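Annotated in Swiss-Prot:
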type     : residues                                : note
BINDING  : F11, I42, F43, E44, C73, A74, I75, N106 : 5-amino-6-(D-ribitylamino)uracil binding site
BINDING  : E78, S79, R120                          : (2S)-2-hydroxy-3-oxobutyl phosphate binding site
ACT_SITE : H81                                     : active site, proton donor
Amino acid sequence: MAKVLIIEARFYDHIADGLLAGARAEFDKAGVAHDLLVVPGIFELPAALKLVLTAAEQGNDKARYDGFVTLGCAIRGESDHYHHVGTECMRGIADLSMAYDLALGNGVLTVHNEAQALARSDPARKNLGGQAARACLRMMAVKRELGLSS
């Protein structure tokens, strides 16, 4: 059975709740087992992903996953912090995804305000958590179609 790791940034709990609910619903519908790793904010997502990959490389079977989903949110504020954190988060996730041939769905929101975040995280609305899970599942299928192991 396939197994996926959801790495979730909980900086905005009420937004993270919606993203996680959407992702979990998609994996449950697909019959895919999923674990959860929680980090403080989106800046920590790439580091957490790299730690999991390192643990798997060092033989930790509990750290072996067929796919990954990253979830979190950055909301623009009064300073440039949002831009720097969002850029580094996305770069780090993309770099690891390509370097390790990961089946990964990215559900990190970078939005201008809370209303945008709520609309995108709500499973009954834009459901970006669910979209990230579906992207992960599709990339897992692509790897299988190409004969690549997890």
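Numbering starts at 1 and runs along the chain as it is shown here.
Yeah, the Cβs are placed from backbone N, Cα and C, and that goes for glycine too.
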- Message: If you pair up every Cα among F11, I42, F43, E44, C73, A74, I75, N106, the residues annotated as binding 5-amino-6-(D-ribitylamino)uracil, what's the maximum separation in angstrom, rounded to an integer?
- Response: 17
- Message: Between the Cα atoms of E44 (5-amino-6-(D-ribitylamino)uracil binding site) and R120 ((2S)-2-hydroxy-3-oxobutyl phosphate binding site), what distance do you get, rounded to the nearest Å?
- Response: 21
- Message: What are the sequence-distant neighbours of A74 (5-amino-6-(D-ribitylamino)uracil binding site), meaning same chain, six or more residues apart, C-beta distance under 8 angstroms?
- Response: I42, Y82, V85, G86, C89, V108, L109, T110, V111
- Message: Quick check on the binding-site residues E44, E78: which one has the highest count of other Cβ atoms within 10 Å of its Cβ?
- Response: E44
- Pairwise C-alpha maximum, in angstrom, for the residues (E78, S79, R120) that bind (2S)-2-hydroxy-3-oxobutyl phosphate according to the record: 23
- Distance [Cα-Cα, Å, rounded] between E78 ((2S)-2-hydroxy-3-oxobutyl phosphate binding site) and F11 (5-amino-6-(D-ribitylamino)uracil binding site): 17
